[in-house]
Amino acid sequence: MRSPLCWLLPLLILASVAQGQPTRRPRPGTGPGRRPRPRPRPTPSFPQPDEPAEPTDLPPPLPPGPPSIFPDCPRECYCPPDFPSALYCDSRNLRKVPVIPPRIHYLYLQNNFITELPVESFQNATGLRWINLDNNRIRKIDQRVLEKLPGLVFLYMEKNQLEEVPSALPRNLEQLRLSQNHISRIPPGVFSKLENLLLLDLQHNRLSDGVFKPDTFHGLKNLMQLNLAHNILRKMPPRVPTAIHQLYLDSNKIETIPNGYFKSFPNLAFIRLNYNKLTDRGLPKNSFNISNLLVLHLSHNRISSVPAINNRLEHLYLNNNSIEKINGTQICPNDLVAFHDFSSDLENVPHLRYLRLDGNYLKPPIPLDLMMCFRLLQSVVI
């Protein structure tokens with residue numbers, strides 16, 4: 001017969017093991033008499049994009065490039081050893097203009113996040129001739145910044161957030177490109193000292209008729225190219241400089257051209273008036289019959305007849321209008337009857353080489369009198 005201790009010892013061992021294990025509490029809804037709740041299906045998890053800390057959160061500046069042979073070269077930029085007067089700081093995620101060495105004449109700062117130009121922006125580099133600030137976020141320019149750059153010739157500030165044309169522009173400026181901003185104001189007299197300006201680009205802004213006063217362009221004696229396309233003009237701008245060669249007014253809301261408007265431009269060779277609201281009623285008979293005009297764009301308007309042209313015009317775009325018929329005798333700059341006798345006189349032959357008439361109400365064939373007049377035509381689209 002076994003001793004009671006033989007039975008007691010295994011029981012003590014089991015009790016000690018049970019005390020060492022944690023006690024599990026029953027889950028809610030799993031007690032006796034209750035049905036277990038179904039487990040929710042796991043929802044698929046997709047990586048969520050990191051939200052910026054603030055709406056204007058910008059990418060960090062890029063790390064400095066390789067060491068330069070020029071000790072004054074900003075770490076954020078590149079100084080080409082074979083072009084010591086140039087400084088390339090473009091596409092570096094910069095928030096402000098770095099310290100520019102005095103030796104720099106050509107400065108490239110496009111494709112950054114610069115928001116303003118304080119007075120000290122170019123204080124060391126007064127010999128700058130070329131500045132490219134395209135595609136930044138510039139809203140504010142200190143008036144004293146540019147007046148301290150007497151040798152500046154080219155200023156590019158396209159694709160920024162300017163609301164008016166900068167003041168105190170250097171008098172030696174030759175090209176001013178301010179397209180794709182928010183410009184709706186032109187300060188009085190801002191161009192008055194820019195006698196050397198050749199190109200003024202103000203396309204894709206918010207310029208209306210009220211912005212242009214009779215003296216807005218005063219001082220631009222040598223301006224050759226004026227671009228006012230993609231604005232909200234309803235009228236032709238007044239007192240455009242008479243030295244103009246190229247005039248861009250596409251994509252406005254212009255309905256009429258004053259009688260004799262272009263007569264005061266002896267050098268005007270290129271006109272673009274596509275995508276406006278021009279009609280025959282708003283076009284005086286000889287609006288474009290000016291001596292030096294070579295290229296005329298009038299597509300995407302509401303014109304129903306071909307306007308009179310000069311003998312030297314080479315390219316005429318009249319596509320996408322309301323033209324129903326075309327008469328070569330009426331639009332020919334020369335008398336067709338006299339033309340037969342002097343067919344070999346190329347000096348008097350109209351110079352038109354390209355004529356576009358598609359998108360109207362015309363149908364082939366091309367009228368014979370049209371071909372007899374414009375004998376140098378190389379392409380007619382109808």
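A Cβ is built for glycine as well, from the same backbone N, Cα and C atoms used for every other residue.
Summarising the annotation, Swiss-Prot assigns N-linked glycosylation site to ASN124, ASN289, ASN320, ASN327. The repeat 'LRR 4' annotation in Swiss-Prot covers 163-183. What Swiss-Prot records for 234-254 is repeat 'LRR 7'. Residues or ranges marked as repeat 'LRR 8' in Swiss-Prot: 255-278. If you look up Swiss-Prot, you'll see 1-20 marked as signal peptide.
Annotated features, which come from Swiss-Prot, shown on the structure.
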residue	record	contacts (Cβ under 8 Å, 6+ apart)
ASN124	N-linked glycosylation site	VAL99, ILE100, PRO101, PRO102
ASN289	N-linked glycosylation site	PRO307, ALA308, ILE309, ASN310
ASN320	N-linked glycosylation site	SER299, HIS300, ASN301, ASP358, GLY359, ASN360
ASN327	N-linked glycosylation site	PRO367, ASP369
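Within the chain carrying the repeat 'LRR 7' (234-254), a Cβ under 8 angstroms from the stretch's Cβ atoms is held by residues 203, 208-209, 212-218, 220-228, 261, 264-278, 297, all 6 or more beyond its ends. Within its own chain, the repeat 'LRR 4' (163-183) has Cβ neighbours under 8 Å at 134, 139, 141, 143-144, 146-147, 149-157, 190-191, 193-207, 227, counting only residues six or more beyond its boundaries. In the predicted model, the repeat 'LRR 7' (234-254) shows an average pLDDT of 98. Break the repeat 'LRR 8' (255-278) down by DSSP state and the numbers are 4 helix, 3 strand, 17 coil. Counting residues per DSSP class in helix, strand and coil order gives 0 helix, 3 strand, 18 coil for the repeat 'LRR 7' (234-254). DSSP labels the residues of the repeat 'LRR 4' (163-183) in these numbers: 0 helix, 4 strand, 17 coil.
DSSP classifies ASN320 (N-linked glycosylation site) as coil under the three-state reduction.
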